[in-house]
Number of protein chains: 2
Amino acid sequence: MGELRRDPVKNRWVIIDPERPDREAALKVEAQPPPPLAGPCPLCPGNEAMTPPEIAALGEPSRQRNQPGWWVRVTPDLQPLCRIEGDFDRRPEGPFDVMNAVGAHEIVVESPEHHLTWAELPEQQLERVLRAYRLRSLDLRLDGRFRSLIVVKNHGDAASILQHPHSHVLAFPFVPHGIEEELRGCQEFYARKERCAFCDIMLHERVSRVRRVEETDHFVVLAPFASRFPFETWVLPLRHASDFATIDDGELVDLAGLMKRMMQMLGKVLGNQSCTIVLHTAPFDEPHTNDYHWHLEILPKTATVEGFGWGARLFVNPVTPEEAAALLRQAV
Amino acid sequence: MGELRRDPVKNRWVIIDPERPDREAALKVEAQPPPPLAGPCPLCPGNEAMTPPEIAALGEPSRQRNQPGWWVRVTPDLQPLCRIEGDFDRRPEGPFDVMNAVGAHEIVVESPEHHLTWAELPEQQLERVLRAYRLRSLDLRLDGRFRSLIVVKNHGDAASILQHPHSHVLAFPFVPHGIEEELRGCQEFYARKERCAFCDIMLHERVSRVRRVEETDHFVVLAPFASRFPFETWVLPLRHASDFATIDDGELVDLAGLMKRMMQMLGKVLGNQSCTIVLHTAPFDEPHTNDYHWHLEILPKTATVEGFGWGARLFVNPVTPEEAAALLRQAV
């Protein structure tokens, strides 16, 4: 019989049942062929004029802005979800609340090379990518209009028009619903226990080890107890911190190596590294210093989500996190 | 520029931007061919022995149980998400909560005919389907183990092994997260206003009419102000009631005709009726009599959800609800 497991932060029950008939599909990610590139890649070196002017870059000291020679380059997204200019114009519309979609939507071009994945990028290059996230987080909070920041990396997203390795940095005047839920859960947990919920989870999982995938000097990777998706993992810093931007250089180097290995493991186990990686970090204006713990969530694109998921947020996961962790550990 | 709109119940901001590049995909549903049927259909008349023994049925008075002659038949699901027998065995596991996946998972076989959709079923037949939902809701609440009930209909689900028209009735010992969120939002709204949030929304939308799709004697169909998905609609009873099972016979007949027309409209506008229909109704043990309002949510399967959706519950909808409502109205 399957189990109902409750996520201690979000208080969300998940059905975990390895006897589900869709289990086989969940153990393989279908490799989707990337769509053919129509014309030159706007993210490749030499094509800098095809993107909006760059916001930041790491590269050769002698390099000039918007010219080749960069290692990592940050520009506004070519099709931004929200615009950096303009006023919110917060207003009521009847009983509703509405404002203009003002926000930052930047992309981090992760390498000059067009075809490398995180599993293939040199560790030093991934370190630069993480450094760019930190840089942008520190800079975007200076814009008093923005309350929150998320970073999203779609790995192997056949739907994207851009095949060149890149990730999204978004800053919003609101807190995305998924993060807000987590913050509320952590706050309620702290009010009761005067401890960070994620610290408690880590403490337990590092001792029990059944859902621990890997541990480094500064991070631990867990398959969460109430995983919504097959092979869902969380990467948590061992040092309690609510704000990703407080990551130090040693932690950055450590995390770069760890993320590369994680993508290699997923590739080995699932035959494909297609996943979404999301940075969860505290909002700028509510630091949640004691009760929140920044982390990365890795959500592999395995089986499609059943109608129950969208309709009522009822998740059914046919792969137990214990099995997922064991399979990932074996793939090291 | 796009807009940020907040759902007044869930306090969730959604980006609505008709200039998104994925808009075209959102205006068409790809018709997925149903997988070939391997062997006889277990839901067709004559094959009653292929399902677990029936729980309830509407049919010819002379009919015998588990024999043909039924119009609508309810049986346990062939691959239930949870099992009706056994104990919960609620237990801690370290800092976590776990219990056995005990619950009811039934299917309502919606017609003896193998190939009809809701758009094609006679109204009288749809009325019987709704009657079966009411019947099951009234019966399942007698089992003190269950706290909540949802009904989910996957329309045109190529992933399903069953092509025969059917829907799912599920009863759980917990409240699904999406419903719980809504209940909490409604309760907060009521605490402030002493009015039902959905009644307020209906009042506004019935006057303004821009997001109103249709109205009958007993129901109104709206494209919600902060729609997460293109062509998302809500079907709300005009009479305030938190519990679907209080629907009377006149309302049932009215709703059957309305749902048939809704499916016809979606088919005309999107070229396909693929959607998930979910019944949201109050939990058995917390009737939320004043603050909650039962309704049906229709979520068409248009564009795939971007990574932002899963990663942080950040929804981006390229079709405004005003446009969706106008297109649906024209399709009548």
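Residue numbers in this text run from 1 along the chain shown.
Any Cβ shown, glycine's included, is placed from N, Cα and C.
Please treat TrEMBL annotations as automatic predictions, because they have not gone through curation.
Per TrEMBL, active site, tele-UMP-histidine intermediate is recorded for A:His166. For A:His166 (active site, tele-UMP-histidine intermediate), the count of additional Cβ atoms within 10 Å of its Cβ stands at 22 [all protein chains shown].
Note: A:Cys41 (Zn(2+) binding site) has non-local neighbours A:Asn47, A:His114, A:Leu162, A:Gln163, A:His164, i.e. same-chain residues 6+ apart with C-beta under 8 A of its own C-beta. Summarising the annotation, TrEMBL assigns Zn(2+) binding site to A:Cys41, A:Cys44, A:His114, A:His164.
Marked as domain 'Galactose-1-phosphate uridyl transferase N-terminal' by TrEMBL: A:5-176.
Per-residue pLDDT, averaged along the domain 'Galactose-1-phosphate uridyl transferase C-terminal' (A:188-329), amounts to 92 for this model. As annotated by TrEMBL, domain 'Galactose-1-phosphate uridyl transferase C-terminal' applies to A:188-329.
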Which of the three DSSP states, helix, strand or coil, fits A:His166 (active site, tele-UMP-histidine intermediate)?
strand
Where A:His166 (active site, tele-UMP-histidine intermediate) and A:Cys44 (Zn(2+) binding site) are concerned, what is their Cα separation in Å, rounded?
11
One residue among the binding-site residues A:His114, A:His164 has the fewest other C-beta atoms within 10 A of its C-beta, namely A:His114
Run through the domain 'Galactose-1-phosphate uridyl transferase C-terminal' (A:188-329) and tell me, per DSSP, how many residues are helix, strand and coil.
58 helix, 27 strand, 57 coil
A:Cys41, A:Cys44, A:His114, A:His164 excluded, remaining Cβ within 8 Å of their centroid (Zn(2+))
A:Leu37, A:Pro40, A:Pro42, A:Leu43, A:Asn47, A:Glu113, A:His115, A:Leu162, A:Gln163
Structural state of A:Cys44 (Zn(2+) binding site), classified by DSSP into three states
coil
